[in-house]
Amino acid sequence: MSKIIVRGGRKLSGRVKINGAKNAVLPIIAASLLASSGESVIQEAPPLDDVLTINEMLRSLGVSVKYGADTVRVNAGRLERFEASYELVRKMRASFLVLGPLLARLGRARIALPGGCAIGTRPIDQHLKGFEALGAEIELGQGYIEARVNGRLQGAKIYLDVASVGATQNIMMAASLAEGTTYIENAAMEPEIVDLANYMNAMGARIRGAGTGIIRIDGVKELRGVVHTVIPDRIEAGTYMIAAAITGSTLYIEGAIADHLRPLVSKLREMGVAVEEEENGVQVSVAGPLRAVDVKTLPHPGFPTDMQSQMMALLLNAEGTSLVTETVFENRFMHVEEFKYMNAQIKVEGRTAVVSGGTRLKGAKVRATDLRAGAALILAGLVADGETEITGTHHIDRGYVNIVRNLYALGADIRREERVERVEAAAEEAVPSEQRPVFSAQPTWA
Ligand SMILES: CC(=O)N[C@H]1[C@@H](OP(=O)(O)OP(=O)(O)OC[C@H]2O[C@@H](n3ccc(=O)[nH]c3=O)[C@H](O)[C@@H]2O)O[C@H](CO)[C@@H](O)[C@@H]1O
Ligand SMILES: C=C(OP(=O)(O)O)C(=O)O
């Protein structure tokens, strides 16, 4: 079984370079389906399992996708297939983001219903409401969603009941080739939405207001392939910022954009963590004891739900009691039970976790129940007494490139044990070996 093994107590030092953002690159690769001519070249596409999955999804639609050296090259000129299989949608919800582009390009899309996942039910009603407003007919049956339109989609005003990131992206992509103007009201405002809009505008789309609550999309007849560099991953950056804070170390997080990390930076400062913003990154250091703070997750620019579990790991090491309220996903406290195996004092009351800081964490056998929960357990392991063994590492591989190797290079006592099959899977993708995690029972670097 794959596992990550951490022994707590080491200080970290040095710098770590942040990869392109998972949550930006996935919609951007999906949007490359919109290009009826030219090659789309997407740079800073990190070698994550999710990137491999979306590439596979595009290939299954008959599109040419080449991937190597952090660059995805897509040629979607001959896109003909409109059906995406359950196998791929099941692996990753972001696969559902091909629906908008397929509908816009082919007037038809058939996609397996994305299943529920650990952090909540994650409905897709807002995506469907948007497609229907644009003139698509939607049919649900046998676990699939089929969307069709006769002729072109028609611009419309769409008010989202929740500021959904995925629905904003899916509707933006569908509307880019519609006839007329679309407004998305109560749109999500995450930096990844802005990156997608910048990419699509370079392709020839006419999108204004991305990053605000109202996005206007003037439909165009066609889009073409362009070169684009994906923004740095604010969640990966935030995770390493917390690695510095939790171990009381000084780390330079290269490529982190402080403006994308405002809520985290401000909470860290409230806790007594020094965050220096520099031109090409941030430096994080700690001078004294950490203070408890309350945190409530919200859509951007609120505190990101994708940082909630890592922040909870940090608050377990602060003096006093903190309240952590999760408002975005209804089931995103699965890490609490795992933290409890590590001697954490946490009580969940509805959507709020009451976190009592200051109790020493103890190493234990724990399980990553989702991607960020996995990252949070690694962080807790960095300061726990003794050894923490984390299974469920496939979740972590969805979103972190070389997290074990990076932390080891920064001074952590951490290693990974993994079965050999994954090496073969990685080799098939032709990702340069130095960009993949090292898989061996006895890592050469640890
Ligand atoms: C690949 C990607 O970018 N994933 C991110 C994206 O997920 P994702 O795009 O799936 O998240 P959404 O913003 O859509 O979800 C936010 C909330 O809206 C609800 N909802 C969503 C759609 C819908 O049609 N109806 C509905 O009720 C969801 O159940 C959830 O409670 O944004 C989340 C919120 O920042 C992040 O945690 C994920 O990391
Ligand atoms: C929840 C996450 O991703 P996804 O939407 O891909 O499940 C995440 O990145 O923390």
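Residue 1 is the first one shown; counting continues down the chain.
The backbone N, Cα and C atoms fix where each Cβ goes, glycine too.
Among the candidates D70, D306, the residue that TrEMBL annotates alongside R93, R122, P123, I124, D125, Q126, V328 as binding UDP-N-acetyl-alpha-D-glucosamine is D306.
Checking the binding-site residues R122, I124, D125, Q126, V328 for a CB within less than 6 Å of any atom of ligand 2 leaves no residue at all. Rounded to a whole number, the distance between the Cα atoms of K22 (phosphoenolpyruvate binding site) and V328 (UDP-N-acetyl-alpha-D-glucosamine binding site) is 19 Å. Of all residue pairs in the UDP-N-acetyl-alpha-D-glucosamine-binding list (R93, R122, P123, I124, D125, Q126, D306, V328), the one with the greatest Cα separation is 22 Å apart. All chains included, 22 other C-beta atoms sit within 10 angstroms of the C-beta of V328 (UDP-N-acetyl-alpha-D-glucosamine binding site).
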